[in-house]
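Asker: Structure below; questions to follow.
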Amino acid sequence: MKKFFPFRGKRKTDDSHSHSSEVPISLAKTAPPSLSIGGGYHLRDKHLKKLHKAATIGNEQKLKDYLERKKYNVNGRDKRSRTPLHLACANGYTNIVSLLIENQCKINVQDSENRTPLIKAVECQQESCATVLLLHGADPNLVDVYSNTALHYAVCGQNISLANKLLQYKANLEAKNKDGHTPLLLAVAENNENMVKFLLKKGADVNASDKNHRTAIMIALIVEPTSSVKLLLQQDTDLAHKDIYGFTAEEYASFNGFTMYHHITANNENKKKTEQTAY
């Protein structure tokens, strides 16, 4: 996931739309630690309790034996507040997930980073585990320490199937993480056109803005002139909206080159003409 930094320098005071070193856009190419996909837990066998270890390696028989003895807590936590359910979900053991649920484990429990088993299943691309959790009442709107929901992780993982399933279970389409990114803004930042299309069809707010008041069209123009720009322009995009530095989408376009600037302004003029004709 790319990280966006504010414009540096002073804003130009004239009406020129040429490139200016006074308003460059800085874009880091590395992913921030707040949101990543595919990462399971880093575990050390010697630190694992018996129930946790059985869940981690998917040993159903041992898990049954431990649970039948009733001397092991199905909701027991390790040093990082992870339960056996967290570990089973991270490793994709649907049978273990079902067994733990049958034995009354807590489903919406959070680890040391506030990640629920559902968030962990989505983060690790374990759709079958996520499905079982949702069927048994997992809350898709709980957030981790960075305020990411399971839907944010599904978007980051480019998993439309999982995103759709989460929305079927009332996931909040407009939830914002600590960067102010809704799932749509995140999809645009990741330059994932298929996910952008999907979220727009589901009714995502095209004019939602991040903590710097940047809308989807602005973020698309920062990433690079992409097909997502054209897609967003087909929506009811507010081109007059200003970010915290006072820049509009048209100015973002001008920073990225003359051609893209005219693509935006031409679309804006067409919208104005359409509105005038309507009256």
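For all residues, glycine too, the Cβ spot is worked out from N, Cα and C.
Values in this document were obtained by computation on a predicted structure and should not be read as measured data.
Pulled the feature table from Swiss-Prot, pasting it below:
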- 1-11: compositional bias 'Basic residues' (COMPBIAS)
- 1-25: region 'Disordered' (REGION)
- 80-109: repeat 'ANK 1' (REPEAT)
- 113-142: repeat 'ANK 2' (REPEAT)
- 146-175: repeat 'ANK 3' (REPEAT)
- 179-208: repeat 'ANK 4' (REPEAT)
- 212-241: repeat 'ANK 5' (REPEAT)
Asker: Per DSSP, how many helix, strand and coil residues does the repeat 'ANK 4' (179-208) have?
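Answerer: Counting residues by DSSP class gives 16 helix, 0 strand, 14 coil.
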Asker: Sort out the residues at least 6 away from either end of the repeat 'ANK 4' (179-208), same chain, that have Cβ-Cβ distances under 8 Å to it, and list them.
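Answerer: Distal contacts: 1-2, 4, 34-35, 151-152, 154-156, 158, 160, 163-164, 167, 173, 214-217, 219-220, 223-224, 226-228, 231-232, 235-238, 241.
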Asker: Quickly jot the same-chain residues contacting the repeat 'ANK 3' (146-175) by Cβ under 8 Å, restricted to those at least six beyond its ends, or write none.
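Answerer: Residues 1, 34-38, 116, 118-119, 122-123, 125, 127, 130-131, 134, 138, 140, 181-184, 186-187, 190, 192, 194-195, 198-199, 202-205, 208 contact the repeat 'ANK 3' (146-175) from elsewhere in the chain.
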Asker: Kindly report the helix/strand/coil residue split of the repeat 'ANK 1' (80-109) according to DSSP, in that order.
Answerer: 17 helix, 0 strand, 13 coil
